[in-house]
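Enquirer: According to Swiss-Prot:
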ACT_SITE  Asp118  active site
ACT_SITE  Asp136  active site
TRANSMEM  11-31  transmembrane segment
TRANSMEM  63-83  transmembrane segment
TRANSMEM  88-108  transmembrane segment
TRANSMEM  131-151  transmembrane segment
Amino acid sequence: MHKKYFIGTSILIAVFVVIFDQVTKYIIATTMKIGDSFEVIPHFLNITSHRNNGAAWGILSGKMTFFFIITIIILIALVYFFIKDAQYNLFMQVAISLLFAGALGNFIDRILTGEVVDFIDTNIFGYDFPIFNIADSSLTIGVILIIIALLKDTSNKKDKEVK
């Protein structure tokens, strides 16, 4: 018999990501001034203290009420999808846990300070990517995993239709 929900694994992932996110942001916020930067991997990775009161790339800057409302809706929707659509599917449950943790990590920043602490500053193939944080990484990985799960599910359905 397969487990319907992997609650322990899902909670562990979400708690770990949120704690790691908040601890790294706290270290950056308390040890670096905004704009301070140091090189970790030459021409690829810097740690740069930055604040963002919008979404990715500063979109919707200063719209905190919007972010509060939309984040609460997203967190509730993620719990709903976890319960309704991720049954017996550890892969999907991990993906949803990463999305939940990422959304919660940035939500905590917005509640406490009205802005998100960003610090991971990368230069990928000559493109100076916008500065981001652990929560953003968790969101991105969660989205990628959900896309993979959906593509895999679509592929499995096509295989079953052929048989």
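Just so it is clear, glycine is given a Cβ too, placed from its N, Cα and C backbone atoms.
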Enquirer: What residues elsewhere in the chain lie close to the transmembrane segment (88-108), defined as a C-beta under 8 angstroms and at least 6 residues from its ends?
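Expert: For the transmembrane segment (88-108), the sequence-distant neighbours (Cβ-Cβ under 8 Å, at least 6 residues beyond its ends) are 2-6, 9-11, 13-18, 21-22, 25, 67-68, 71, 74-75, 78-79, 81-82, 116, 133-143, 145-146, 148-149.
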Enquirer: What number of additional C-beta atoms lies within 10 angstroms of the C-beta atom of Asp136 (active site)?
Expert: 21
Enquirer: Within 10 Å of the Cβ of Asp118 (active site), how many other Cβ atoms can you find? Include all protein chains, please.
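Expert: Asp118 (active site): 23 neighbouring Cβ atoms within 10 Å.
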Enquirer: For Asp118 (active site), which of the three DSSP-derived states applies: helix, strand, or coil?
Expert: strand
Enquirer: Between Asp118 (active site) and Asp136 (active site), what is the CA-CA distance rounded to a whole number of Å?
Expert: 9
